[in-house]
Amino acid sequence: MSGTCSSEGAVTASRLEMTDISKRFGGLRAVDRVTISLRGGEVLALCGANGAGKSTLVRILAGVEHADSGQIALDGVPVVIDRPETAAHHGLSFVHQELNLVPKFTGLQNMAMGADRQSRLGLVATKRLRRLASEVQERLGYRIPLDVPVDRLSVSDRWMVSLGRCLMRSAKFVVLDEPTASFTDDEAEKLYKVIKELTDSGVGVLYISHRLEEVLEISDRVTVLRNGSVAGSYETAELTVSSLTKAIVGHEVEALAHRRGDASTGAPIRLSVRDLRRPPNVVGASFDLRRGEIVGVAGLVGSGRTELARLLIGADQAAGGEIILDGKPYAPRGPHDAIRAGVVLVPEERRSQALLLSESIERNLAVASHGSARHLMCRFRPRRSHRAAVDIVDELGIKTDGVTRPVLSLSGGNQQKVVVGNYLRTRPSVLVLDEPTVGVDVGSREEIYGIITGLAGAGASILVISSDFDELAVCDRVLVMRHGAIVAEVPSHRATKGHLTRLCFEAEQPAA
Amino acid sequence: MTVIVEDSIKEASASSSSTARVVWRLIGQYGTIAMLGLLIVTMTALEPSVFATSDNLVNVLNQSAIPAMIALGLTFPLVTGDFDLSIGNTASLSGVVACTLMRDVDMSIWMAISAAIMVGLVIGLVNGVVVTVLNVNSLVATLGVGTMAIGVNYKIAGGQPVGLSDSESFLEISLGTLLGIPYPVYIMIGFTAVLWLLLNRTVLGQSMQAVGGNPVAARLSGVRVERVRLVSFVICGAFAALTGVLLASRTGSAAVSGGDGYLLSAFAAAFFGSAVLRDGQFHIIGTLVGVITVAIGFNAIALTGMATYWQYLFQGLLLVLGVGVGSLARRRTAAT
Amino acid sequence: MTVIVEDSIKEASASSSSTARVVWRLIGQYGTIAMLGLLIVTMTALEPSVFATSDNLVNVLNQSAIPAMIALGLTFPLVTGDFDLSIGNTASLSGVVACTLMRDVDMSIWMAISAAIMVGLVIGLVNGVVVTVLNVNSLVATLGVGTMAIGVNYKIAGGQPVGLSDSESFLEISLGTLLGIPYPVYIMIGFTAVLWLLLNRTVLGQSMQAVGGNPVAARLSGVRVERVRLVSFVICGAFAALTGVLLASRTGSAAVSGGDGYLLSAFAAAFFGSAVLRDGQFHIIGTLVGVITVAIGFNAIALTGMATYWQYLFQGLLLVLGVGVGSLARRRTAAT
Amino acid sequence: GGGAETGAKASAGDSYSIGVVRFASSDPGSEGIVQSYLAAAKERGWETSSVDPQGAAGQAVGAISNFVQKQVDLIVVAVFPSDALAAGIKAAKSAGIPVVSIGGGTTDGVPVSLDFGRSNAKPLTEQMVKDTGGKGDLLVLGFTPGLPCVGREEELKAQLKETDIKVTRKEVPIPGQVEAGTEFAQAWLASHPKGSRPLAIWGCFDDPAIGAVSALRQTGRDDVLVYGINGTPAAVKAVKGGDMRATAYVDPATEGKRLADVTPDVIAAGTDAKERTLLPDVHAVTPANVDDFLKKFPGVLR
Ligand SMILES: Nc1ncnc2c1ncn2[C@@H]1O[C@H](COP(=O)(O)OP(=O)(O)OP(=O)(O)O)[C@@H](O)[C@H]1O
Ligand SMILES: Nc1ncnc2c1ncn2[C@@H]1O[C@H](COP(=O)(O)OP(=O)(O)OP(=O)(O)O)[C@@H](O)[C@H]1O
Ligand SMILES: [Mg+2]
Ligand SMILES: [Mg+2]
C-alpha cells in the first residue's frame with residue numbers, strides 16, 4: 001500500500017509529531033528521547049522487541065501515561081494530552097495492546113463507551129450509536145455480535161469489538177497496538193482492508209505489530225525502537241523481513257525451520273484422545289500425542305480449540321469420549337488433577353487467565369507449583385522459591401530488574417514468558433499451549449519455540465494451538481480443527497500456511 | 001460467519017439436555033422472583049383474610065418506602081464497584097440536622113429538609129474525595145467518614161433525641177395520603193423511576209456501569225472514572241439523607257441512631273436484588289424487589305406470630321436461598 | 001544488562017526528583033506505622049506518668065487480644081478476596097453456646113470451649129459451602145448465614161444473657177497472668193505467629209494469596225480454588241468463635257449480641273493493616289498493627305478524657321488518614 | 001496498697017478523679033443521666049473523663065481497665081449488666097476503685113446501682129391495669145437482651161398476675177425498633193378489630209410504642225391505649241396529642257445529681273461497702289397531667 005493521500009500537495013493532511021519523548025519507570029528508561037511523526041493518510045509502523053517501549057509511547061499519546069519530558073504537537077500546535085478524553089478530543093483513537101472491555105456490557109455498549117459525550121440531556125443516543133455500529137460492521141465486513149455480553153464472546157470476537165470501538169469515533173489518527181495478535185489471517189485481511197480505507201480518507205495510522213510480513217505489507221514507513229530509543233527509521237520499500245528482523249533484534253535471526261518429524265514417530269504414545277466431546281464447541285476430537293512430539297492445532301476462530309484444550313486439563317468436564325494417559329484412563333476433575341498427572345495448559349489470555357497482575361514475578365512463577373502440591377499444609381520455602389524464580393528468569397531470558405518487581409511492570413512478551421515459566425516449574429509431561437506467542441516479538445518467539453523444542457527433546461509431549469500458521473512449522477504434525485471436530489492431520493513438511501488455511505475452510509471430506 | 005457456526009451446532013445438539021438448560025435458565029433468571037411469589041402464595045393461603053388485602057399491600061409498600069430510598073441510593077456505589085458503609089450514620093445525622101434546624105432555628109420544613117439533604121451530599125462528597133483522591137478503599141473510607149458523622153451527630157444532639165414541638169405538618173409527609181395511598185409510596189415510586197432512568201438511559205449511568213465492570217477499560221475509553229465514582233457517592237449520600245428525613249417525619253423526632261439499622265438491610269436488599277433477573281449485577285428494579293421482599297417477609301413474620309428466632313432464621317434463609325438458587329441455576333445453565 | 005542500565009540512570013537522575021521519590025516511598029511504606037508512632041509520642045508527651053508505663057503497655061496489649069483474634073481470622077477470607085459479615089454473630093453465638101453448656105449441662109470448661117469453637121467451624125463451613133457451591137457472593141452469603149446464627153442464638157438463650165454461677169476458673173483464662181503478663185497476650189502472640197506461618201510459609205497460605213490475586217489463573221494453575229476459599233472461611237469462623245469464648249471469659253457471661261460489635265472493628269483493623277508496609281494487601285502483621293492502633297487510640301481517649309464526639313472524630317480520622325496517607329504516597333511514588 | 005491510697009485521697013474530700021463508661025451514644029436514656037452527672041461533677045470541681053464503648057461489653061471492660069491504669073477514684077458504668085463486666089470489675093476492685101452502675105445492678109465490686117428497670121415500669125403499668133379494668137388484650141413489645149427491659153417486663157408480669165389480661169408478646173430488634181413496633185402493631189391490630197374487649201399496647205421503651213402509634217394513625221384506629229417508658233420527646237408529644245395513653249419519665253438532671261450526691265460516700269466506703277440500689281423518681285405522664293409536667297420539665301421537648 002502506498003500513501004497516495006500523503007502526497008506533498010495535500011495541504012489538508014494533518015500531522016502528528018511526538019518530539020523527544022522520555023519516560024522512566026523507577027530505574028528503567030522505558031522511552032528515551034523518542035521522536036516520531038505521522039502524517040494523515042499514511043501508515044507508520046512501530047517495531048521493536050518486547051519491552052522496547054512501543055506501548056508506553058502509545059499510552060503517552062493516549063493520555064494514560066504522562067511523559068517525563070518531550071512534546072506532542074498536532075499540525076504544529078503543541079498539545080497537552082493528560083487524560084484519555086483529551087486524546088479523543090484531539091481526534092486520536094486507540095486499540096490498546098490489552099483487551100479493555102467491560103465483560104457484562106454488550107458489544108454495542110462497549111463500543112459506545114465514552115463515545116457519546118455530545119448527546120443531549122445526558123441521555124444515551126441508542127439509535128444513533130446502533131447506526132454508527134452497523135456502519136463499522138459494514139466497513140469491517142464482519143458481523144460483530146452487538147447484543148451479546150462480551151464475556152460470552154470468543155477472544156477474537158472481543159478483539160473485533162475493541163477494533164469496532166476504535167473505528168466508531170471519527171478520528172484523524174488511529175493507533176493500533178498489536179490488533180492482529182489474536183486474529184487469523186482471514187480476519188487480519190479484513191483489518192488491512194479497513195486500514196486501506198482509513199488512509200484513503202486521509203486518516204493517519206500508527207501500527208504496532210510483531211508480525212513482520214504484515215508490517216511490510218501495509219506500512220509506508222517503519223520506525224524501530226530498541227531499549228526505549230529509536231534505532232532507525234526506514235521507508236518500507238527498502239526493507240525485507242530479514243533486514244527488519246536484524247534492525248529490531250540487533251543481529252541475524254534464522255526463520256523458523258520446518259521440523260523433521262522423524263525423531264518421535266516411533267516413540268510411545270503418551271496421550272490418546274478418543275471422540276472427546278462437549279457440545280456445542282467440541283463435538284468429536286480424536287488424536288494421539290507421542291512422547292517428545294510437538295503437535296500443532298490449526299483452526300479458525302471459534303473452531304473449538306480452546307475448548308478442547310480446557311477439556312484436556314479438566315477445566316471443563318467432557319460430556320463424552322475418553323482420554324488415555326500413559327496407557328491409563330485419565331479423567332481429570334479439575335486442573336489440579338491434570339497438573340498432578342503432568343498435563344498443563346498455558347492459557348490464551350494471559351492477563352485474565354494466567355497472571356496475578358499486581359503480584360511479583362516471583363510469586364507468579366510459583367503459583368502452579370503450589371497448585372500441584374499434594375497437601376495444602378506442605379511447607380513453602382520462600383528462599384528456595386526465590387532461587388527457582390531467578391533461575392527461570394535467567395533461563396527464559398525474562399527482561400526485568402528483579403524478580404520482586406510486579407509482573408504488571410513487564411512488557412507483554414515478558415509477561416508471556418512468566419506464564420510459560422510458571423507452568424514449566426511443575427515439569428509437565430504434556431504441555432498444551434494456547435496461542436503461546438500472542439504479542440511476542442520475533443526474538444522472544446524464537447526463544448519460546450526454542451524452549452518448546454528443548455522440552456520436546458527432553459521427552460515432553462507438546463500441543464501448540466496457534467492462529468499464526470507460520471509458527472506451526474515447528475511442529476511434527478498439525479491437526480486441523482473445524483466446527484468442534486478434528487478433521488485433518490497434516491505432516492510437518494506439508495503444513496504450509498496456504499494448505500492449512502484451505503483445510504480450515506474446506507467443507508468437504510479432506511484427505512486425512 | 002460465527003453466527004452461522006453457532007446456529008448449526010445449536011441445531012445439532014437440540015436434544016434432551018437443552019430442555020434441562022431451558023429449565024435452569026428460567027430458574028436462573030426468575031428464581032429469585034419465584035421465591036417472592038412463593039412467599040406471597042404461602043402467606044395468602046395461611047392468612048387469607050389479613051395478608052391478601054389491599055390494605056396490607058399498601059401497608060407493605062408504605063413500610064418499604066424508607067428502606068427503599070437508602071437501598072436505591074446504595075445501588076449507585078455498588079454499581080461502580082464501591083461500598084458505602086456510612087449510609088446508616090448519614091441517615092441518622094440528616095434526621096438530627098433537619099429536626100434541630102426546625103426546632104432551634106425555627107427553619108421552615110422545606111428549608112430544613114434541603115439542609116439535611118445537603119448534609120448527605122457533603123458526606124457523599126467527602127466519601128468520594130477520600131476514595132478517589134486519597135485513593136482509600138471504599139470500605140475503610142466510608143467506615144471512617146461514617147464514624148466521623150456519628151461524632152458530628154453527637155456534637156449536635158448530645159446523644160438525645162431531637163423532638164419537634166409542633167410537628168404536625170412534618171408528620172404529614174409520612175402520614176398524609178392521596179387516593180388512599182400514603183405519600184411515601186408515591187415518593188418511592190417516583191424516585192425509583194428517576195433513578196432507573198439515570199442508571200439506564202443516561203451517559204452517566206452507562207459510565208457508572210462501565211466503571212463497575214472494568215474501570216481500566218472505562219478510563220481508556222475516556223470515561224472520567226474518578227468523577228463518576230464521586231457522583232455515585234454523592235447520590236448515595238443524598239438518598240441516605242432523604243431516608244433520615246423521612247424516618248424523622250414518621251415519628252416527628254429524630255433519634256440519634258435512628259438510621260443505623262438501615263445499613264445492613266440496604267445491603268441485603270441490594271444484594272438480593274442483584275440476583276433478580278440479572279447475574280450478580282446491581283440494578284434499580286432488583287434493589288426495589290429486594291426491599292419489597294424483605295418487607296413482605298417481615299410482614300409475614302408479624303402476621304403469623306412466629307417466635308423471634310424464626311424471624312432471623314427465615315430472613316437469613318431468604319437471603320441465602322433467594323440469591324443462591326438463581327446463582328446455582330445460572331451456573332448449571334452454563335454447564336449443560 | 002538491565003542492571004547496568006539501571007545504575008547509569010540512577011546516577012544520571014540523582015537529582016531533586018529522586019529525593020522526593022524516596023520520601024514518598026518511605027511515607028507510602030511506613031506512613032501508617034508513622035501515624036501509630038506519632039500517636040504514641042503525643043500520648044507520651046501528654047500523659048507521661050500514665051501512658052508510657054509498662055503496666056499500660058500490658059493493659060493495651062491485653063485489650064487488643066480479643067479483637068485481634070477475630071481480625072486475624074477475618075484476614076483469611078479477605079486474602080482470598082471474600083468478605084465475612086457473620087463473624088460478629090458467630091462470636092456472640094459461640095459465647096452463648098460455651099456458657100450455656102457450662103451452666104446447664106455442667107460441661108467442663110475445655111469441652112465447652114471446644115464445642116463453641118466447633119460451632120465456629122460449622123458456621124465457617126456453611127459460609128464456605130454457600131459461597132463456593134451455591135456460588136453466592138460472599139457478602140450476601142455471610143450476611144444471611146450470620147442472620148441465621150442470630151436465630152440459633154435466640155433459640156438457645158431466648159435473648160437473655162447467659163451468666164455463670166461458678167465462673168472462677170473460666171474467668172481465669174482472661175484474668176490469669178504469667179510473669180505479670182495476662183494469658184490473653186500470650187494467646188494473641190501465639191496465634192499471630194501460627195497464622196503468620198500458615199499464610200506465609202505453607203502452600204495453603206500461598207494458594208490463598210494466589211486465589212486473591214486472580215482466581216481464574218489460580219484455578220488453571222491447579223489451585224483448588226473452592227477448597228482454599230472454604231478453608232479460609234472455616235479458619236475465620238473458628239477464630240470468631242474463639243473471640244466469643246474469650247469475650248465470655250472476660251465478661252463472665254455471654255450476651256446475645258455480645259460479639260456483634262467486633263464486626264466493624266475487625267474490618268477496620270484489617271483494612272488499616274492492609275496499608276501497613278504493603279499496598280492494599282491483607283496480611284497478618286498488618287492486621288495486628290491495625291488492632292493495636294485502634295486499642296491505643298481507645299486507651300488514649302480514656303486517659304485524656306476527650307469529649308465523646310471527639311472520640312468518634314478521632315477514630316474516623318485515624319482510619320481515613322492512616323490508610324489514605326500511605327495510599328496517596330504510593331501513588332505519588334509511582335508518579336514521580 | 002492501691003486501696004489504701006485511694007481511701008486516703010477520698011477522705012481528703014474535695015477533688016476526685018472519676019472515669020465514666022457510657023453505654024452507647026445511641027442510648028438516650030443513659031446518656032442523659034451520664035451527661036447531667038458529668039455536669040454535676042464538673043460543678044463540684046471533680047476531674048472526669050468518659051469513653052463510649054459503643055455498646056460492646058468487651059470494649060467496656062477495656063475502658064474500665066484503662067481507668068484503672070489512670071488510677072481514678074471512682075468508675076461509673078452505664079447500662080451494661082454488672083455481671084457481664086467480670087474482668088473489668090475485678091481489676092477495679094483489686095485496685096480498690098469502687099464502681100457505680102446506672103441500670104446494671106449491684107454485684108461484688110459494684111456496691112451502688114441506680115435502678116433503671118423495674119421502678120420505671122411501676123406507675124405506668126399500674127395506670128394500664130386501671131385503664132383496662134384488668135381485662136382485655138395486650139400487645140407487649142419487649143427486648144430481652146436489655147437488662148432494663150427485662151426488669152420492666154418482670155414488673156409487668158407481676159402486675160398482670162391477678163388480672164384477666166391476655167398477652168401477645170413480640171420481641172423487637174434494635175436497631176429497627178420503631179419500624180418493628182409499627183409492623184407488629186399493624187399485624188396485631190388486624191387480628192384484634194374494634195370490639196368489646198379493651199385493647200392496649202405496652203412497650204418496654206418508647207420507641208416501639210411510638211412505632212405502634214404510627215400504626216394506629218395509619219390504620220385510623222383510636223380504640224387502643226398505648227404505653228411506653230422513658231419519656232422521649234416523641235412520646236411526650238404523643239401523650240400531649242392524645243395518641244398515647246402514658247409514658248414514664250425519669251429526669252436525668254435529678255438522677256445525675258442523685259449520683260453525684262452519693263459519690264463522696266461511695267468513694268469513702270470503698271469497694272466493700274454494703275450493696276444498695278438507688279431508686280429514681282418516676283413520673284407517669286398522661287394527657288391529664290402533661291401540661292403540668294411540661295411546666296415542671298420544660299426541657300423535655302427541647
Ligand atoms: N507501569 C509500568 N511500571 C513499570 N515499568 C513499566 C510499566 N509499563 C511498562 N514498563 C516497562 O517499560 C518497558 C517498555 O514497555 P512497553 O510495554 O512499552 O513495551 P513494548 O514495546 O510495548 O513491548 P511488547 O512488544 O512486549 O508489548 C518495559 O521494560 C516494561 O517493563
Ligand atoms: N464463555 C463462553 N460463552 C459462550 N460461548 C463461548 C464462550 N467461550 C467461547 N464461546 C464460543 O464457543 C466457540 C468456540 O470457542 P473456542 O474459544 O473454543 O474456539 P477457538 O478455536 O479457540 O477460537 P479462538 O481463537 O477464538 O479462541 C466460539 O464460537 C465462541 O464464540
Ligand atoms: Mg506493547
Ligand atoms: Mg482460542
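FYI, residue positions are counted from 1 along the chain as it appears here.
Yeah, the Cβs are placed from backbone N, Cα and C, and that goes for glycine too.
According to TrEMBL, the features are:
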type: TRANSMEM; residues: C:27-46; note: transmembrane segment
type: TRANSMEM; residues: C:109-134; note: transmembrane segment
type: TRANSMEM; residues: C:181-199; note: transmembrane segment
type: TRANSMEM; residues: C:228-249; note: transmembrane segment
type: TRANSMEM; residues: C:261-277; note: transmembrane segment
type: TRANSMEM; residues: C:284-303; note: transmembrane segment
type: TRANSMEM; residues: C:309-329; note: transmembrane segment
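Of the two recorded stretches, the transmembrane segment (C:261-277) does not lie close to the transmembrane segment (C:181-199), with fewer than three CB pairs under 8 Å once pairs fewer than 6 apart in sequence are set aside.
Using the rule of three or more Cβ pairs under 8 Å, pairs at least 6 apart in sequence, the transmembrane segment (C:284-303) is not in contact with the transmembrane segment (C:228-249). Outside the transmembrane segment (C:228-249), and at least 6 residues removed from its termini, the chain residues within Cβ reach (under 8 Å) are 65-67, 69-70, 72-74, 76-77, 79-80, 82, 84, 86-88, 90-96, 98-99, 113, 116-125, 127-129, 131-132, 170-174, 184, 187, 191, 198, 204, 207-208, 211, 218, 258-259, 262. The transmembrane segment (C:27-46) shares more Cβ pairs under 8 Å with C:309-329 than with any other stretch in the list C:109-134, C:181-199, C:309-329.
Within the chain carrying the transmembrane segment (C:309-329), a Cβ under 8 angstroms from the stretch's Cβ atoms is held by residues 24-25, 27-29, 31-32, 35-36, 39, 268, 271-272, 274-276, 279-280, 293-294, 297, 301, all 6 or more beyond its ends.
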